[in-house]
Amino acid sequence: MPELPEVETVRRGLAPAMVGARVARVTLRRPNLRFPFPERFAERLEGTTVLELARRAKYLTAHLDSGESLILHLGMSGRFDVRLPDGSNLSPGDFYLEGALGTPKHDHVVMAFANGATVTYNDARRFGFMDLVATRDLETCRHFASMGVEPLSDALDAPRLARLFARKITPLKAALLDQRLIAGLGNIYVCEALHRSGLHPALPAGALAKPDGSPAPKAKTLVKEIKAVLTEAVAAGGSTLRDYARPDGERGAFQHGFRVYDRVGHACPTKGCTGRIGRIVQGGRSTFFCETCQVLPVR
């Protein structure tokens, strides 16, 4: 599933084609994706102009001049193909590039714009979805109401992290992946941020808060590294594993800078560390970390 940097990369690729453009026609080639389309979905989109294309965690939101916002979630394999007015093509979020995945038979939604551009949503697995909600109700809608703080926003700082994690015995990695606390973090970038911070993924999350609720020293370090990892990943166009490419069709490059993710047995890249990267399973997901410089304190 694409994480925050990949979704932000898709947003940046779609924005030039969509923002300021009027939706002329919407074609639905099936009645549903993961969920049924909203009532009168195509009718409510047609004739509207896209004022802004934003991102909330791992969701895209297109704010329309009708007072509604289109919410888009890519699921596991969602991608967009864009045909620009000049006839050129982009693939902002080109997932599953080989075989049947990503072929035209999985083109489920086609949006034609008055400027001649066409945006096609393709989703082989159909885990993605689209919804329409009143823009004024966006933050309280069912998709976002319980969502936590944005990790790249100024709202996430060491005191906020300490308040979120205070007295929690949940493993630190699980707490970071809890979208009700911090929205948008995924497995890859949590593993990377924890390694840079020198924190064991199984450390109780509450260890980042002092008894009085103020941040422990490592809380500031972790916040800094979360923001650094995400910022670097966005700049690199996301991470390509087997299914992701940048808006221009090129592969994302951040995977070349992975320190621990999917690097079991490799030497730890931390200067002076002689350890190797290990793997454990937490919550059904692989966790990668250095067995030497990310030590779980003995209690």
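Every residue, even glycine, has its Cβ placed from backbone N, Cα and C.
Quick look at what Swiss-Prot lists:
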| type | residues | note |
| --- | --- | --- |
| ACT_SITE | Pro2 | active site, schiff-base intermediate with DNA |
| ACT_SITE | Glu3 | active site, proton donor |
| ACT_SITE | Lys58 | active site, proton donor |
| BINDING | His106, Arg125, Lys168 | DNA binding site |
| ZN_FING | 259-295 | zinc finger |
| ACT_SITE | Arg285 | active site, proton donor |
Exercise. What number of additional C-beta atoms lies within 10 angstroms of the C-beta atom of Lys58 (active site, proton donor)?
Worked result: 21
Exercise. Just checking, which of His106, Lys168, Arg285 (recorded positions) has the fewest C-beta atoms within 10 Å of its C-beta?
Worked result: Arg285
Exercise. So what pLDDT does the zinc finger (259-295) average out to?
Worked result: 95
Exercise. Relative to the Cα of Pro2 (active site, schiff-base intermediate with DNA), which of the recorded positions Lys58, His106, Arg125, Arg285 has the closest Cα?
Worked result: Lys58
Exercise. Should any of the recorded positions Lys58, His106, Arg285 have a Cα within 10 Å of the Cα of Glu3 (active site, proton donor), which are they?
Worked result: Lys58
For this session: Helix, strand, coil: count each for the residues of the zinc finger (259-295), based on DSSP.
Result: 0 helix, 14 strand, 23 coil
Problem set entry | Between Arg125 (DNA binding site) and Lys58 (active site, proton donor): CA-CA distance (Å) | 17
For this session: Do me a favour and check the Cα-Cα span between Arg125 (DNA binding site) and Arg285 (active site, proton donor); whole Å is fine.
Result: 20
